[in-house]
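Chemist: Checked TrEMBL, it gives:
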DOMAIN    10-125  domain 'Response regulatory'
DOMAIN    133-330  domain 'HD-GYP'
MOD_RES   Asp58  4-aspartylphosphate
Amino acid sequence: MQTVSNQKQTLLLVDDEPVNLRILKQLLHPDYQLIFAKHGEEALKLALQERPDLILLDIMMPDMTGFEVCQQLKQRPETQAIPVIFVTALSEEHDEAAGFAVGAVDYITKPISTAVVKARIKTHLSLVQADELRKTRLQVIQRLGRAAEYKDNETGTHVLRMSHYSKVIALAYGLSEAQADDLLHAAPMHDIGKIGIPDSIMLKPGKLTDDEFTIMKTHAEIGAEIIGEADSELLRLAKSVALTHHEKWDGTGYPNGLKGDAIPLEGRIVALADVFDALTSKRPYKEAWPIEQTMDYIRQQSGVHFEPKLVELFEQNLAEIIQIKARWQDV
């Protein structure tokens, strides 16, 4: 695996014919760190030990076919994410289909073209890097969201629950799976602005004074400022959620007193998910409300705090919401 000290990415080349390994070495050695295996068992061992960035794998080998090697790689959690490209003399369509069926990302037939091999490797390594960057960004967002919850005397499971509630509601509203996933990952940032609120207010056990509540309400704008301007669609969505999840359908919310459809849909959805989880969770200053009491309150707030359509959809999907709540209980 590539590290700070080793800038070259590592490729594992697997072929039982030494001449084929020499050809690949001549093509790739200037650009990559190479390790070699001459049979399947050795390939599996090296993949586990070295965690290469990509594997070039022959199919026709004596002890274990490339199909079997790839299948075992994909069954092991430690190696399943490593992209595998078959490099083989088998050119039949059914062989290629079998290669993709066991988890390969590409299939190159011999005799190989230097340009094709280099281009395919570069493409798949770029895809891996993009996926790792996306996963890292999501993890940072989730951890920042959980940090804000810990300051608020809430457990980190609150952001997990309310973000999954938000996805359920988004799908029910008609958003695509991709749009709902974006909201799932943006929702944990809804209260990130609480990081900027003094502990004397955040941790106060009793009711806030009017002046203290005025300061507390600034967390929505602080959160939007923390996230800032971004090219990432996910961060733009997170900024909108942070800024608007305390707006109310009737226009009495904060910070901007937006009303009805003027409130972005993501803010309207997260508002409902956030309130439901807050009411049904035990906190140092209150007991958890029963589900039915909470739903009575939400129904009463239909058209006041919440969009009526969202309240209807929430109730229609309440069974799934309750399952999510049970999955991530406070400890």
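Each residue, glycine too, has its Cβ placed from N, Cα and C.
As the structure is a computational prediction, the values presented were derived from the model and not from experiment.
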Chemist: Tell me, what is the mean pLDDT of the domain 'HD-GYP' (133-330)?
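Modeler: Mean pLDDT, the domain 'HD-GYP' (133-330): 91.
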Chemist: By the DSSP assignment reduced to helix, strand and coil, which category contains the residue listed as '4-aspartylphosphate'?
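Modeler: In the DSSP reduction, the residue listed as '4-aspartylphosphate' maps to coil.
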Chemist: Let me check the 10 A CB neighbour count of Asp58 (4-aspartylphosphate). How many other CB atoms are there?
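Modeler: A 10 Å sphere around the Cβ of Asp58 (4-aspartylphosphate) contains 27 other Cβ atoms.
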Chemist: Please list, for the domain 'Response regulatory' (10-125), how many residues fall into helix, strand and coil according to DSSP.
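Modeler: DSSP classes over the domain 'Response regulatory' (10-125) add up to 53 helix, 23 strand, 40 coil.
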